[in-house]
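S.K.: There's a structure below that I have some questions on.
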Amino acid sequence: MHVSVIGSGYVGATLTGCLAALGHEVTAIDIDESVVASIEAGEPPMAEPRLGELYDENADRISATTDYAAVRETDCSFITVQTPAREDGSIDPSVVLAAAESLGEALAQKETFHTVAVKSTAIPGMVEEEVVPRIEQAAGPEGETFATAVNPEFQAQGSAVDDFMHPDKLVLGTDDDRALDTLRSVYDPLPDEPPVVETGRREAAMMKYANNVFLAAKVSLINELGNICKEYGVDSYEVAEAMGLDDRIGAQFLRSGVGWGGSCFPKDTDALRAAARDRDYEPELLDAVVGVNETQPRRLLDLLDRHVGVTDERVAVLGLAFKPDTDDIRGSRAKPVIAGLQERGADVAAYDPSDASETMAREYPDVEYTDSASAALDGAVGAVVVTDWPEFGELDAEFDAMARQVVVDGRRIVEAREGMTYEGLTW
Ligand SMILES: NC(=O)c1ccc[n+]([C@@H]2O[C@H](COP(=O)([O-])OP(=O)(O)OC[C@H]3O[C@@H](n4cnc5c(N)ncnc54)[C@H](O)[C@@H]3O)[C@@H](O)[C@H]2O)c1
Ligand SMILES: O=c1ccn([C@@H]2O[C@H](COP(=O)(O)OP(=O)(O)O[C@H]3O[C@H](CO)[C@@H](O)[C@H](O)[C@H]3O)[C@@H](O)[C@H]2O)c(=O)[nH]1
C-alpha cells in the first residue's frame with residue numbers, strides 16, 4: 001500500500017521506516033524543510049536505535065516532501081504531528097488542526113477513498129469534534145471520500161523500532177469499515193500476530209492515556225515505596241524484584257529513582273488531569289502521581305546536601321536525556337536537578353553520551369557540557385546520576401578525579417567503590 005505520514009518527529013519518522021520495512025511505499029510530509037531534507041538524504045531526522053538501518057534498507061520505498069499534494073497518491077494518511085500542552089496542562093490541538101486543514105485541502109482533489117488515521121495523542125472527542133470538521137472544510141463530509149480512525153501509538157523512545165515491529169497490541173478505533181480494512185492491511189505484514197483491539201474512536205483515544213498514566217502511576221508508586229524504604233534502610237530494588245514476581249503486578253516499570261520524564265508521561269498525565277477537571281472530576285490520584293514525581297529530584301538534591309555543600313563548588317550531572325538510547329531532553333529530570341543545583345550556587349558540569357547536551361545548552365546555557373563523564377567529574381565535590389546510561393555502570397577510576405567522591409545515584413546504575421560516599425535515592 002502507498003501511505004503518507006504527516007509529521008516526521010519521533011513517531012512519524014519511526015513509522016515511516018517501519019512501514020517501509022513492512023513493504024509499504026511511504027511518503028513523509030513535514031512542514032520543516034530540514035526534516036524533509038534529512039529523510040530525502042536517507043537519514044532519520046532524530047536519533048533512534050536501528051532506524052537508520054531501516055532507512056538504508058528501504059530507501060527505494062521512502063520519500064519526503066513539504067507538499068501535501070503528495071497525499072493524493074496515497075491510500076491512507078497517518079497524522080503524527082505533536083499535541084503540545086497549554087499552560088494549564090490541557091492539550092493544544094492547534095498543530096493537529098492545521099495539519100488536518102492542509103490534509104483536507106489536498107484530499108479535496110482526490111478521486112478515491114482515503115483513510116485518515118490519527119496517531120497523535122488526543123483527548124477523547126477531539127478527532128470527531130475538532131479534527132474531522134477541519135478536514136471536511138475542503139474535502140466534504142466524512143464518510144463520502146474519507147473516514148478517520150484513532151490509531152494510538154505505544155512505542156517508547158530508544159526501543160521504538162522493536163516496539164513497532166512487535167507490539168503488545170494494536171488499537172484500531174473507527175466506525176468506518178473501509179478505514180478499518182485499510183488499517184488491518186497496513187499492519188497485516190507485522191511478523192507476529194499482535195492482539196488487535198477494534199473499537200470506537202473515543203475508546204481508542206482513552207486507551208492511549210490510560211496506558212501512559214497507569215505506567216506513570218506505577219513508577220510513582222514504586223518511587224513512593226522507595227522513599228519509604230530508604231527511610232527504613234530497606235533496599236527497594238530487592239522489594240521491587242519480589243513484587244514483580246507476582247503476575248498481577250508484573251516486573252516492568254518498577255525501577256524507582258529520580259522519576260519519569262519524556263515527551264509523553266508528563267504531557268499525558270497533565271492532559272488527562274485537565275480533561276477530568278474540565279468535566280468537574282477531581283483526579284486526586286493522578287495529582288499525587290505527578291506530586292511524587294516532582295518530589296524525587298528534590299530528594300536527590302537533599303541527599304547531596306547532607307554530604308556536601310555545593311555553593312561555588314563543581315557538581316557533575318551524569319545524564320541529560322530523559323532515558324538512555326535517546327537524545328531527547330523533553331521532560332528530563334535533569335532539568336529540575338540542574339535548576340536546583342544552580343539555585344544552590346553550584347557550578348554545574350554535565351555529561352550525556354548522546355547529543356542531548358546541544359539541546360540542553362539552549363535551555364541551560366550556564367552549564368559546562370563535557371564530552372566525557374571523567375571531564376564532568378574532574379574536580380567535582382559531588383555527582384548526581386539522572387539517566388541510566390549503561391556506560392555509567394562502567395565508571396570506576398574516573399571517580400578518582402573528583403575533589404570529593406560523593407555520588408547520589410538517581411537510577412541505581414553506578415557501582416559504589418572504596419573511598420566513595422554513595423547514596424542511592426531509594427535504597
Ligand atoms: N515521542 C514518542 O515516543 C511518542 C509515542 C507515542 C505517541 N506520541 C504522540 O505522538 C505525537 C507526535 O509526537 P512526537 O514526539 O513524534 O512529536 P515531534 O515533535 O517529535 O514531531 C512532530 C513533527 O510534526 C511536524 N509538523 C508540525 N506541524 C506540521 C504540519 N502542519 N504538517 C506536517 N508536519 C508538521 C514537526 O515539524 C515535527 O517534525 C504526539 O501527540 C505524542 O504525544 C509520541
Ligand atoms: O521502571 C521505570 C520505567 C521508566 N521510568 C522512567 O519513565 C520515563 C518514561 O520511560 P519509557 O516509558 O520507557 O519511555 P517513553 O518513550 O516516554 O514511552 C512512554 O511514552 C510513550 C509516548 O506516549 C508511549 O508510547 C510508551 O508506551 C510509554 O512507555 C523515563 O524517564 C524513565 O526513566 C522509571 O523511572 N522507572
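Sequential numbering from 1, following the chain as shown.
In case you wondered, yes, glycine gets a Cβ from its N, Cα and C as well.
TrEMBL labels come from automatic prediction, so no person has curated them.
Remember, it's a predicted structure, so these values are computed and weren't measured experimentally.
For reference, TrEMBL lists these features for the protein:
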BINDING   Asp30, Thr83, Thr121, Lys267, Arg330  NAD(+) binding site
BINDING   Lys208, Phe253, Leu254, Arg255, Ser256, Gly257, Gly261, Lys323  substrate binding site
ACT_SITE  Cys264  active site, nucleophile
DOMAIN    316-416  domain 'UDP-glucose/GDP-mannose dehydrogenase C-terminal'
S.K.: Quick check for the class: what is the C-alpha distance, in angstrom and rounded, between Thr121 (NAD(+) binding site) and Arg255 (substrate binding site)?
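M.R.: Here the two Cα atoms are 25 Å apart.
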S.K.: Restricting to the chain of Arg255 (substrate binding site) and a gap of 6 or more, list residues whose Cβ falls under 8 Å of its Cβ, or answer none.
M.R.: Val219, Ile222, Tyr237, Ala240, Asp388, Arg411, Arg412
S.K.: Which binding-site residues from the list Asp30, Lys208, Arg255 come close to ligand 1, meaning a Cβ under 6 Å from one of its atoms?
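M.R.: Going through Asp30, Lys208, Arg255 in sequence order, those close to ligand 1 turn out to be Asp30.
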S.K.: What residue among the binding-site residues Lys208, Lys267, Lys323, Arg330 has the most other CB atoms lying within 10 A of its CB?
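M.R.: Answer by Cβ density within 10 Å: Lys208.
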S.K.: Assuming the binding residues for substrate are exactly those in the record, Lys208, Phe253, Leu254, Arg255, Ser256, Gly257, Gly261, Lys323, what is the maximum CA-CA distance in angstrom, rounded?
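M.R.: Between the outermost Cα atoms of Lys208, Phe253, Leu254, Arg255, Ser256, Gly257, Gly261, Lys323, the distance is 25 Å.
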S.K.: Tell me, which binding-site residues from Asp30, Thr83, Arg330 are within 10 Å of Gly261 (substrate binding site) if we use the C-alpha atoms?
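M.R.: Of everything listed, what lies within 10 Å of Gly261 (substrate binding site) (Cα to Cα) is Arg330.
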S.K.: Under 8 Å Cβ to Cβ from Gly257 (substrate binding site), same chain, six or more residues apart: give me those in sequence order, or none if nothing qualifies.
M.R.: Asn223, Gly226, Gln296, Asp388, Asp409, Gly410, Arg411, Arg412, Leu425, Thr426
S.K.: I'd like to know the mean pLDDT over the domain 'UDP-glucose/GDP-mannose dehydrogenase C-terminal' (316-416).
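M.R.: Averaged over the domain 'UDP-glucose/GDP-mannose dehydrogenase C-terminal' (316-416), the predicted model reaches a pLDDT of 98.
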S.K.: Check Lys267 (NAD(+) binding site) against DSSP and tell me helix, strand or coil, would you?
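M.R.: Helix, per DSSP.
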S.K.: Where's the emptiest Cβ shell within 10 Å among the binding-site residues Thr83, Thr121, Ser256?
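M.R.: Fewest other Cβ atoms within 10 Å, among the binding-site residues Thr83, Thr121, Ser256, is found for Thr83.
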S.K.: Quick one: Cα separation, Ser256 (substrate binding site) versus Cys264 (active site, nucleophile), in Å?
M.R.: 18
S.K.: Running a distance check here. Ligand 2 versus the binding-site residues Thr83, Lys208, Arg255, Lys267: which have CB less than 6 Å from one of its atoms?
M.R.: Arg255
S.K.: How many Å lie between the Cα of Arg330 (NAD(+) binding site) and the Cα of the residue listed as 'active site, nucleophile'?
M.R.: 9
